[in-house]
Amino acid sequence: MSEQAVKVTNINNWVLGLTGGIGCGKTAVSNMLEALGICVVDADIIARQVVEPGSEGLKAIVTHFGADILLADGNLNRSALRELVFSNNEHKNWLNTLLHPLIRQQIIIDLNNATSPYVVLVAPLLFENGLDKYCNRTLLIDVPKNVQIERTVKRDNISLEQVNSIIAAQMSREQKQQQADDILNNDRSLTLVKHDLIALHKGYLKLALK
């Protein structure tokens, strides 16, 4: 049996769950922590890796939806898949049932492979998908909704309607604020955000090294 086939359930490292809605600046904050020497595991990156050419995930998707779901270079046609599952709950449920266990298993493996004093798990749907159960503490990157919308429209070049539908599909800002252990306001100057993040980082180091 290959190492990948063995199901790993225990996490040996101290884990900080980092989350926030679309356009809140999760990547910028995780990059700052990475610059401080902290290993980062990104759920979105893993979600792409489990459907790379040659992966079991992509093979299953092609078997289910047909070869038309592939681009000419053999990669997954993400926009075509998004259209298929967006308005069809049966397709959406099938896809989630396939991918969620693959993503979770790789997340656990990557968290255990981290060698820094603590490890960050970045996940936009940390609470929604129950990934917070793998975390010792959680940090919400928070901005007002109008800032979220403005940043996302500008960054992703998508319509206001699309942004609002993405936000509506996520847990509300208020719910996330209630669930998170710590909140970092990212609607300020980079200097202030860095200052507060370093203070949080020092606290996490103390907790992790206890």
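Quick reminder: no glycine exception, Cβ is built from N, Cα and C everywhere.
These numbers come from a predicted model, not from an experiment.
Its own atom aside, the Cβ of Gly23 (ATP binding site) has 22 Cβ atoms within 10 angstroms in the protein chains shown. The ATP binding site annotation in Swiss-Prot covers Gly23, Cys24, Gly25, Lys26, Thr27, Ala28.
Annotation comment: Swiss-Prot describes 15-210 as domain 'DPCK'.
Those same-chain residues not listed among Gly23, Cys24, Gly25, Lys26, Thr27, Ala28 yet with C-beta within 8 angstroms of the centroid of the ATP site C-beta atoms are Gly20, Val29, Ile141, Arg151, Asn186.
Here the domain 'DPCK' (15-210) has a mean pLDDT of 93 out of 100. Neighbours of Ala28 (ATP binding site), defined as other CB atoms within 10 A of its CB across all chains, total 13.
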